[in-house]
Amino acid sequence: MIHPEQVADMLRPTTSTTSSHVPGPVPTVVPTPTEYQTLGETGHRTLWVTFALMVLSSGIFALLSWNVPTSKRLFHVITTLITVVASLSYFAMATGHATTFNCDTAWDHHKHVPDTSHQVCRQVFWGRYVDWALTTPLLLLELCLLAGVDGAHTLMAIVADVIMVLCGLFAALGEGGNTAQKWGWYTIGCFSYLFVIWHVALHGSRTVTAKGRGVSRLFTGLAVFALLLWTAYPIIWGIAGGARRTNVDTEILIYTVLDLLAKPVFGFWLLLSHRAMPETNIDLPGYWSHGLATEGRIRIGEED
């Protein structure tokens, strides 16, 4: 027989001594917004200042040719065209017309949640490559004319130079995450640059000796100066545009210094030395100097 108090104890609710684990909330991850690497105020001002310096240099180069006969203005014309093209390029970049963005995927690593990714978009000034594709062949042409390099080697040097610049453009605008593509174009461009050195430096140093010691020394100085500067361009690209180790403003400042040295400074050096050395003159009569005004005239009284 069960005592009534035992029945009451049996009917009372009992509390469990074991506790169940309640899972906590899952950590949330806020997606990282797209990161834009663009030029700042320093880079913008640098582009405008360089544009003004290129325009000023173009005007001075044109004035230097004022008293030079048309038949002997070849170096003046080429040098002026180089800085004119550079002026247009820097105006386009300063106004934001010759620029685009190249995006790459960056991964963010987390401890307790899956990794996430976000886009890193870097500003690329493609107008710079248009400038180089037009002006560097003209610079090579000046060096080859000064040294007396034959047309075949001059053409090969110019073609290799254009390939080098285009490879740099393809690498800069290629798919950001495709490392093989980017550095593949970069490697091809570097090999093309070796061909430029081969045709200009080696063949130029051989042919310029026939023009005398003064011209030989001038060519050697200009060629070493130009090729050292051009060697710096792919190095800077690999650090800035390729590996993205510098900001856009720093990239602009470095390229600006190189462009000013490779174009206005090189041009002043060449033209002032050219004026002091008559043996560097290249006389171009005929169509270059007089056009077609004297062509096709009928001379009466002369035998055929």
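Cβ atoms are placed via backbone N, Cα and C, with glycine included.
Some features that Swiss-Prot has for this protein:
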type     : residues : note
TOPO_DOM : 1-45     : topological domain 'Extracellular'
TRANSMEM : 46-66    : transmembrane segment
TRANSMEM : 74-94    : transmembrane segment
TRANSMEM : 129-149  : transmembrane segment
TRANSMEM : 154-174  : transmembrane segment
TRANSMEM : 183-203  : transmembrane segment
TRANSMEM : 219-239  : transmembrane segment
TRANSMEM : 252-272  : transmembrane segment
MOD_RES  : Lys263   : N6-(retinylidene)lysine
TOPO_DOM : 273-304  : topological domain 'Cytoplasmic'
The transmembrane segment (74-94) and the transmembrane segment (252-272) contact flag, 3+ Cβ pairs under 8 angstroms: yes
Residue numbers, six or more beyond the limits of the transmembrane segment (154-174), whose CB comes under 8 Å of its CB atoms: 100, 102, 124, 126, 129, 132-133, 136-137, 140-141, 144, 181-186, 188-190, 192-193, 195-196, 199-200, 234, 237, 241-242
Cβ atoms near Lys263 (N6-(retinylidene)lysine) (within 10 Å, other residues, all chains): 27
Coarse DSSP state, helix versus strand versus coil, of Lys263 (N6-(retinylidene)lysine): helix
Average model confidence [pLDDT] within the topological domain 'Cytoplasmic' (273-304): 72
Other parts of the chain folded back onto the transmembrane segment (129-149), taken as Cβ under 8 Å at six or more residues beyond its ends: 74-75, 78-79, 81-82, 85-86, 88-90, 98, 157-158, 161-162, 165-166, 168-169, 172, 196, 199-200, 203-205, 207-208, 210-211, 215, 218-219, 222-223, 226, 230, 259, 262-263, 266, 270, 280, 282
